[in-house]
Amino acid sequence: MASPSRQPPLGGSGLLRGSRARSYGSLVQSSCSPVRERRLEHQLEPGDTLAGLALKYGVTMEQIKRTNRLYTNDSIFLKKTLYIPILTEPRDLFNGLDSEEEENDGEEEVRPSKDEIGSSSGKRKNQGSASSQPKGTGLPPHQGTSTPSHDLSASDFLKKLDSQISLSKKAAAQKLRKGESGVPEEDTGLYPSSPRMQQRAVLGPVPLTRTSRTQTLRDQEDEIFKL
């Protein structure tokens, strides 16, 4: 018995399904729905280029070629005008039906979060407590002046750095002055260590004494110089 011929299932591939088989070099329509695509007519000018138009309108060169049915080697100046495909927003297609959702979104954006409400209430409490305190009783100096490093602005940080540098300079200058004033005292304490220096310090300068021998030597030298 001959096997019964198999019939192709309904909705199969090919022409029965309604889809067109792609071939090399064929022009295929865009996969985007034509309802979401809006075409803008551009009048060509001598300085226009395909890349420049793509950058100007925010589309790709392939989209412009596909919309105007241009091949790769074709020049854009074969036509007087080019159609630029621009995708429209999905909300524009509802014709105002989505206005309620937009209003709800706007209300959600306007409403503050719980964290913001808590922080604002905390600030108000701090301000109220500060105003309730008498003017005479202020915060201690270390609490009033000390602020966290991450809360300091750039100018405050630079001012703090300058003050620290000036304080370090003053401390270094004071140390130098103390060192200069202490040097002579140390020097004077070193000299009297030897007994001869101690004797000179006590008795004063030793007077010169001339003996007969020194006198004769001096006379002989004078005679030699005279000759």
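From the backbone N, Cα and C atoms, a Cβ is placed for every residue, glycine too.
Looking up Ser99, Ser113, Ser149 in Swiss-Prot shows the phosphoserine annotation sitting on Ser99. According to Swiss-Prot, the listed position annotated as phosphoserine out of Ser13, Ser131, Ser181, Ser193 is Ser181. Per DSSP, the secondary structure of the compositional bias 'Basic and acidic residues' (216-227) breaks down as 11 helix, 0 strand, 1 coil.
Here the CA atom of Ser212 (phosphoserine) lies 71 Å from the CA atom of Ser166 (phosphoserine).
On the 0 to 100 pLDDT scale, the domain 'LysM' (40-84) averages 85 in the predicted structure.
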